[in-house]
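Pulled from TrEMBL, these are the features on record:
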- 54-530: domain 'Major facilitator superfamily (MFS) profile' (DOMAIN)
- 52-78: transmembrane segment (TRANSMEM)
- 90-108: transmembrane segment (TRANSMEM)
- 120-141: transmembrane segment (TRANSMEM)
- 147-166: transmembrane segment (TRANSMEM)
- 178-201: transmembrane segment (TRANSMEM)
- 213-236: transmembrane segment (TRANSMEM)
- 326-346: transmembrane segment (TRANSMEM)
- 389-407: transmembrane segment (TRANSMEM)
- 419-438: transmembrane segment (TRANSMEM)
- 444-465: transmembrane segment (TRANSMEM)
- 477-499: transmembrane segment (TRANSMEM)
- 505-527: transmembrane segment (TRANSMEM)
Amino acid sequence: MVQVEADMTGSRQDEKQAGVLPGQVSALRADPIADSPYEEALSKTGYGKFHYYVLILFGGTYIASSMEVTLVSFIIPAAKCDFSMSSQDAGILTAAPLFGMTLGSFFWGFMADLNGRRNVLVYSLIFGGLCGYASSIAQYFPVFLLLRFFNGFCMVGALSLCLPFLGEFQPIRIREKVLCWMELAWTSGIILLPAIAWLIIPMKFEIKTDYFLFHSWNLFVIASATPAFLLGLWALRFPESPKFLFDIGEHEKALEAMKYIYHINTGKPKETFPVESLEEKGISIVGFSMEYSKTKKHTRSLSVLVRNMVAIAKTLFKPPYRKKTLLSCSISFGITSCYYTLMMWFPELFTRFEYYSVLHPGKSASVCEVSSVFIEREGPCQANIENQVYLNTIIVGIACIPTSLWLPTCVNKLGTKFFIVFCVFSASCLSFGMNFVTTSTQNLVLSCLFEALTSLGVVTLYCILVEIFPTNVRVMATSLTIASGRMGALLGNLVFGYLIDLECIVPILLCAGVLFVTGITCIFLPVKMKIKTIEFI
């Protein structure tokens, strides 16, 4: 028996506002708590090995995505001589994968909501890894930019799917907590990347011919792309989301997926699964109807695909989703623009502080003063990265662990809104504090706090999306939110790369202001400060 605590009156009012016809089951009530037959069947699959495999798969995907997204931050100081990069070129390089992620968010989001989660996960990981491999041997800067663009385009598909896909395999009673653990996976990627870079980039070797040049940083790119490629191959062994299959009317396939989960969890034959069929329901998305062929199978023709894409996009900007969509997109734009901009530039800033400390031992200086000295240096190009830079970046990642553990252990007591509001306002203060940094140690401490809080804010926002959007539009809403964030990151990196050597204080103050406004916006998110509990007895 399932006990559900929910306000059905509000859902029915939302349905009426969205124009749902009487007798039509809307996505609001279809997900998640009103789907009691589905949720009860899912609970009978048990909780065991399969769910641990899923957690490893998506945790690994989050780690791989984190590594691929932040990879450029180590390529800039390591490859600047090979590509003769200026600060403006570095800004363009950090923007290229983010621009790919912006466009890819829409493409993969549509495909996942219309044609399933698993195939999108597989293709995005495998092709993302292949693009990473190809970029490692690119000999020209424009070619390298293009391949990093496509790498970002592919990897965002996996990143967009992580929380929605993982959540659809979890029972309601632990769904929020399981999703919050993904923050620890992201933190692990932030720690692993500089560790791998420290192991590989300092290697002194060179493969050089008239047409080909290969250094240690190229090998580092290969190593970073490998986890995504291998995870894509492993994902082939996993079933499609039974929740997705159920909501598009493929009840038999949904039942088969549950039988498979039951078999892996219990070791018993699929035939012993205690559910014979899933109750037939009319499933539709609020505001429009999905198109099916006469056999009731999901139609995959191009014309229907495009019409459904447009329909989903329009649905997200109509009541009752309009406010949620605009809020989530604007918050994502604000947090991500500052998070990715500073995260990409922290290794470069560490490098500049190390350079200044060598020239002026024991002397303190602001970030802008350090940068001005770095720009005026003369002599041949040097692509060496000091060991202290790797160590500082690892410390920044380790500093995220306490907040990564804080979220899943306290989310049920404090609520997701508390976390996101607290993190964004705190990050705004820390960003403003960069104006008063005068030593490398101070820069490190501030970087640790900023990284920990903004990273926590980003993951909390993604967890909120799973809570406020129904299954049928959830991945698309997540993708749209991620795309908005990547547009902010794209703009932020271009502005930062251009202004850091001209008017250093301007991008720092802009970041602080954007985060402050974003914090105010977070207050209006349609979630309560304390999460209700749903019990199974």
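Each Cβ is built from the backbone N, Cα and C atoms, and glycine gets one as well.
Keep in mind that TrEMBL annotations are predicted by a computer and have not been checked by a curator.
For the domain 'Major facilitator superfamily (MFS) profile' (54-530), the model's average pLDDT works out to 81. Long-range Cβ contacts of the transmembrane segment (389-407) within its own chain (Cβ-Cβ under 8 Å, at least 6 residues beyond either end) map to 73, 77, 180, 183-184, 186-187, 190-191, 193-195, 197-198, 346-347, 350-351, 354, 419, 440, 444, 447-449, 451-453, 455-456, 459-460. At the 8 Å Cβ cutoff, the transmembrane segment (120-141) and the transmembrane segment (213-236) share at least 3 close pairs (sequence separation 6 or more) and count as touching. Most Cβ pairs under 8 Å to the transmembrane segment (326-346), among the stretches 90-108, 213-236, 505-527, belong to 505-527. Of the Cβ pairs linking the transmembrane segment (213-236) with the transmembrane segment (178-201) and spaced 6 or more residues apart, 3 or more are under 8 Å, so the two regions touch. With pairs at least 6 apart in sequence, the transmembrane segment (52-78) and the transmembrane segment (477-499) have fewer than 3 Cβ pairs within the 8 Å limit; the two do not touch. Of the candidate ranges 52-78, 90-108, 178-201, 419-438, 505-527, 90-108 contributes the most Cβ pairs within a distance under 8 Å of the transmembrane segment (147-166). At the 8 Å Cβ cutoff, the transmembrane segment (90-108) and the transmembrane segment (52-78) share at least 3 close pairs (sequence separation 6 or more) and count as touching.
Away from its own ends, the transmembrane segment (52-78) comes close to residues 85, 90, 93-94, 97, 101, 121, 125, 128, 132, 148, 151-152, 155, 158-159, 161-162, 165-166, 169, 178, 181-182, 184-186, 188-190, 192-194, 196-197, 201, 215-217, 220-221, 224-225, 227-228, 231, 234-235, 238, 264, 340, 343-348, 351, 383, 385, 389, 393 of its chain (Cβ-Cβ under 8 Å, at least six residues beyond either end). Beyond the ends of the transmembrane segment (178-201), by six or more residues, the same chain brings 55, 58-60, 62-67, 70-71, 74, 78, 162-163, 166-167, 170, 216-217, 219-220, 223-224, 347, 385, 387, 390-391, 393-394, 396-398, 400-401, 403-405, 407-408, 411, 451, 455-456, 459-460, 462-463, 466 to within a C-beta distance below 8 angstroms of the stretch.
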